[in-house]
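So that you can see what the record holds, here are the features copied from TrEMBL:
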- Asp323: active site, proton acceptor (ACT_SITE)
- Lys22, Gly93, Arg128, Gln176, Arg354, Arg396, Lys421: phosphoenolpyruvate binding site (BINDING)
- Lys22, Ser23, Arg27, Ser174, Ser175, Gln176, Ser204, Asp323, Lys350: 3-phosphoshikimate binding site (BINDING)
- Gly444, Pro445, Ser446, Ala447, Ser448, Gly449, Lys450, Gly451, Thr452: ATP binding site (BINDING)
- 13-429: domain 'Enolpyruvate transferase' (DOMAIN)
- 441-647: domain 'Cytidylate kinase' (DOMAIN)
Amino acid sequence: MEFIDLPPMLQAAGSVRLPGSKSISNRVLLLAALAEGDTLVEALLDSDDTRVMRNAIVALGVEVAEEGEALRVSGCGGRFPKLRADIFVGNSGLSIRTLVPAIVACLSGGDDAAAEVRLSGVPRMHERPIGDLVDGLKQLGARVEWLGEPGYPPLALKPALLGAERVSVRGNVSSQFLTGLLQAAPLVARDKPLVIEVEGELISRPYVEITLNLMERFGVRVEREGWSRFTVPAGQRYTSPGRIAVEGDASTASYFLAAGALGGGPVRVVGAGRQSIQGDVKFADALAVMGAEITWGDDWIEARAPASGKLKAFDLDLNHIPDAAMTLSVAALFADGPSTLRNIGSWRVKETDRIAAMAAELRKLGATVDEFPEALRVTPPAELRPAVIDTYDDHRVAMCFSLATLGGAYVRINDPKCVNKTFPEYFQTFAGITRPVPVLAIDGPSASGKGTVAARVAAALGFDHLDSGALYRIVALAALEKGVALDDEAALAGLAAALPARFEGDKVLLDGRDVSDAIRSEACSVGASRVAALPAVREALFWRQRAYRRGPGLVGEGRDMGSVIFPDAQVKIFLTASAEARADRRYKQLIDKGMPANMDDLLRDLRERDERDSRRAVAPLRKEDDAALLDTSDMTVGQAVDFVMAEAAALR
Ligand SMILES: Nc1ncnc2c1ncn2[C@@H]1O[C@H](COP(=O)(O)OP(=O)(O)O)[C@@H](O)[C@H]1O
Ligand SMILES: Nc1ccn([C@@H]2O[C@H](COP(=O)(O)OP(=O)(O)O)[C@@H](O)[C@H]2O)c(=O)n1
C-alpha cells in the first residue's frame, strides 16, 4: 500500500491559488458540448473526474482541443453526433448523473435504431444509487436497461421518443439527479415547456444554484417556484458564451482555510470569494462560528486562528455544504468541547459511506465519535495520537486528515493518490503553507559523541532530545531481566511495544525504576545491538520514536534518525570518529563512572558492533546523501557542537 507520512506541523500560513472548481468544470464541459458554437474554457480543473467528463463528451463525438492553458469545446448544437458509445465514468457521480439525462434526450427522435450508450464505472460507482433519476427519465418515456443491479450502474441507454411535459424526481438522495434533469431539460422542451417537480426535501441546494447559474451563462432560463418546482420554457437552446473562466474550487478551499484557522494563519485562498457562485464558500462562516477570523475579498478568502488561540465547539446543520463539512469534522478535533455535524445523510452515498469512514478514522486519532444515521458528534481527545489513516478511495478523506498534523500528530495517509480525483497537487500545496516541527537528526557509530553533542545542541535550541539508542538498550535490559532470549523476535517485539519506559531529564526510567546506569552496562550494549537488528523490534519502536517530535523541535540521535524515523529531518548530521578515538572515549567514560574497562576488549567490541549495525538488513548504519559529515577524531566537544549549531541555523 502506498502512503505519505505527514509530520506534525508547527503552523500554517501563506497563500494558495485554488485549482478550478470540480462542480463548475464538469457542468461547463457538458453545457459547452451541448451548446451551439465554440466555447473557450479557461482555468478548467485537470483531475480524474474532469477527465471522465472530457473523455465522455469526446466519445459522444464532440471536438475538444487544447489551446494553451485553455480548452476549446466545439459545441454540437443540442445533439451528440455519436450515440453508439461505451463510457467509463470512474467514480464521478456528477458525470454519470448529468450525462445520463443528456444522452437520453439526444437519443430521442433519432433515426439510428441501433444507437446505444452504455455507462459503467469503478466498483464503488456500481454501489451508488441512480434509480430515482432513471425513474424520472422513464416518466418521460426513456428506455434504460440495467446491466447489473437494478437501480445502480452499469446501465444502457436506448433510443426512445420522449413525450411527457412533467417529470418528478426525489430531492433527498442526491441533488445531482435534479442537476442532471435540469441540464438536459432544454433538449427535451423543444416544443413544449418541461416541468420538473422535486419530491421531498431538496438537499444540497447550493449545488443546484450553481447549475441554474451556469445554464443561464449558456443562455437558458429556468423558472423556479421555491425549491420544489422548476419550469424550463420551450424552445430554448444552449448557446456558447464564447469564453468562460472556471472559478477556484470552494470545496478544496476548505482545507486551506481550516489550515489557517487551526495553524495560526493567515492562509489566503485565491480564486473563490465573496462573488463566488459556489455554496461551499459558506464553509468560511462555519469556521467563523468556531471563532476563526475570516476576511473576504471578491475572489479570495483569508482565515486565521482566533485571537484567544482556542477554537469553539459547534452544533451546525451542514446540509448546504456537505463536502466541506468533512473538513469541519476534522477541525472539531481542535475545539474546546464536543461538536455536532447535523443533516449530513448524503455522506452515506458518496465516494464511500463518509459518516462511517470519518467516524472510524477520527477515532484512530483518539477522538470519541458518536455516529448517527444523518449526523456525527466528535469529542476531541486531550492529545491527538499518531494515526495511519485509511482513505477508502475518497479524495476528501485523504485531504481533510492532513489537517490533524496541525494538532501535533504524525499522520500517515494510505493511498494518497486518491486525491487525483479533484486535486492531484494537494499534498505539495499543503506542504507549501505548513511548517513541520523541526528535527535535527544525528546518526553515527558508537562513542562518536552523538549523545554528548545532541544534549548540548538540544539545550541551546530549546528542543527535546531523543536518545533512540537508549530505547534499544531498555528493551535489552528488560529482556535480560525477564529471561527473554535475545533472538526471540516476537517476544522482544512484544516487550518493545509495551515498554513501560520514560525519560525524565537525564534519567531513564523503566517501570518507575532509575535504570540510567544499568542500560550502559556492556551486557546491555551488546544486547541492544542484537535486538536492534530485529525488524519487528524496530517496527514496534517506530511510532514511539516519532511521538517525540513536538514543538518547538527535536534533536534525535541514533543510527536511523535521518534515514528511517525522520527522513524529512531538516538538518542531518553523520557524526563519526576513528575506531581508536572512539574506544579511547568509551574507556574514559567507563573509568569515570567507576566501571571496569579494558581497551582491547572495547576496541574489538566496538568494531563488532559497527559491523553488525552497518551490515544488518533493516535500517543499517550509513551516511545518507543529504547528511553533513562530521569526523570528530581530532575535535573537542565544543568544536563538534559549534559545527552542528552552524548547520542548525537552517532550522530558523
Ligand atoms: N569531539 C567530540 N565530540 C563528542 N564527544 C566527544 C568528543 N571528544 C570526546 N568526546 C567524548 O566521547 C564520549 C562518548 O560520547 P557519547 O556522546 O557517549 O557517544 P555516543 O552517543 O555516540 O555513543 C563522551 O564522554 C564525550 O565527552
Ligand atoms: N537509532 C538507533 C539507535 C541505536 N541502535 C542500536 O542500539 C545500540 C545502542 O545504541 P546507543 O546509541 O546507545 O549506542 P552507543 O552509540 O552509545 O554505543 C546500537 O549499537 C545500535 O545497534 C539502532 O539500531 N538504531
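Cβ coordinates are placed from backbone N, Cα and C, and glycine is handled just like the others.
TrEMBL does not curate its annotations; it predicts them automatically.
With a cut-off of 6 Å between Cβ and the nearest atom of ligand 2, the binding-site residues Gly93, Gln176, Arg354, Gly444, Ser446 reduce to Ser446.
Taking every protein chain shown into account, Lys421, Lys450 are the binding-site residues, and of these the Cβ with the most other Cβ atoms within 10 Å belongs to Lys450. Sequence-distant contacts of Ser204 (3-phosphoshikimate binding site), defined by Cβ-Cβ distance under 8 angstroms and a gap of at least six in the same chain, are Ser174, Ser175, Gly279, Asn319, His320, Pro322, Ser346. For ligand 1, the binding-site residues lying close by, meaning a CB under 6 A from one of its atoms, are Lys450; the full candidate list was Gln176, Arg354, Lys450. Put simply, Lys350 is the one of the binding-site residues Lys350, Gly444, Ser446, Lys450 whose Cα lies nearest to the Cα of Lys22 (phosphoenolpyruvate binding site). Counting Cβ atoms from all protein chains shown, Arg27 (3-phosphoshikimate binding site) has 25 others lying within 10 Å of its own Cβ. Neighbour list (Thr452 (ATP binding site), Cβ cut-off 8 Å, at least 6 residues apart, same chain): Val637, Ala640.
Taking the Cα atom of each, Arg128 (phosphoenolpyruvate binding site) and Lys450 (ATP binding site) are about 57 angstrom apart. Confidence across the domain 'Cytidylate kinase' (441-647), taken as the mean pLDDT and rounded to a whole number, stands at 94.
When the binding-site residues Lys350, Arg354, Arg396 are compared by Cα distance to Gly444 (ATP binding site), the shortest distance belongs to Arg396.
Taking the C-alpha atom of Lys421 (phosphoenolpyruvate binding site) as reference, the shortest distance to any of the binding-site residues Arg27, Lys350, Ser448 belongs to Lys350.
Listed in sequence order, the residues of the same chain lying 6 or more apart from Arg396 (phosphoenolpyruvate binding site) and placing their CB within less than 8 Å of its CB are Ser251, Asp323, Met326, Thr327, Glu351, Arg354.
The separation of Gly93 (phosphoenolpyruvate binding site) from Ser446 (ATP binding site), Cα to Cα, is 58 Å. When the binding-site residues Gly93, Gln176, Ser448, Lys450 are ranked by how far their Cα is from the Cα of Lys350 (3-phosphoshikimate binding site), Gly93 comes first.
Checking each of the binding-site residues Arg27, Gly93, Gln176 against Lys450 (ATP binding site) by C-alpha distance, the shortest gap belongs to Gly93. Pairwise Cα distances among Lys22, Gly93, Arg128, Gln176, Arg354, Arg396, Lys421, the recorded phosphoenolpyruvate-binding residues, top out at 19 Å. Sequence-distant neighbours of Gly93 (phosphoenolpyruvate binding site): residues of the same chain at least 6 apart with a C-beta under 8 Å from its C-beta are Met125, Arg128, Ser174, Gln176, Lys350, Glu351.
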